[in-house]
Amino acid sequence: EEPPSKGTLTKVHTSAPGNGLLPGIWEALLVLENRDLQDSIKPQKVEFHSLNFNTTLHWQPGWAREARDARYFVQYKVYGQSTWQNKDECWGISSRVCDLTHETSDIQEPHYSRVRAALAGVYSDWSLSCRFTPWRETMIGPPMVTVVHGNKSITVKLQAPRSPYKRKRGSKIPMTNYYDLLYQVFIINNLLDEQHRVLVYEGKDKVIKIQALRPGVSYCIVAKMYMPMLDHSSAYSSRQCTVLQ
């Protein structure tokens, strides 16, 4: 069911025998009650969340306790377009998350979205997101790290995070296709300090070798992606640990 346009109130037909109010006053009170419900179920904090261009819209329910039972309707558009598009998969949903990865695939363009709620036949006004430009605002995820220990050395193999967008052959396009990214590799000597990370490499090589390490010592490797142009870093990868023989 498509919600009515902004500002439309549901007209309630009812009689109120014995309540002492004239019908016109009774209907006016019902309209005010509807307006209170409209305001109290209006979605709050409409925000884009994006990791490696996997983009979702999130929002919070209105302040009324009953708002948790509301249904939600999502629309989207690119900045400059005059008409909003319905997101069919997020039309009349109870969830407060909507996947807009496909709709925001033009990563250089600014995007908007908006959400409204419905409860008991009453529709809230629209709640608008802030402007979202994927290329500038998506978070870059950490690389995937594999370690192989050798004689007093550790070989580290790195793989950049992948976007959701695919090449013609079906493989997902790495984030290094969209940005000038560097790998940063850190080593942790567990014998000295399990929390102290030492930067041992920064660059674009996917395989690096760390040498002159001590046999019998437990080492861990973590890595992250670094984007010099925007001075952004990813989170650290999970630790990959090994004990040199």
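Using N, Cα and C of the backbone, Cβ positions are placed for all residues, glycine too.
The domain 'Fibronectin type-III' feature in TrEMBL is assigned to 33-126. Taken from TrEMBL, the feature domain 'Interferon/interleukin receptor' covers 138-243.
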For the domain 'Fibronectin type-III' (33-126), the number of residues DSSP places in helix, strand and coil: 14 helix, 46 strand, 34 coil
Across the domain 'Fibronectin type-III' (33-126), average pLDDT on the 0 to 100 scale: 94
Summary of DSSP states over the domain 'Interferon/interleukin receptor' (138-243), given as helix, strand and coil counts: 3 helix, 55 strand, 48 coil
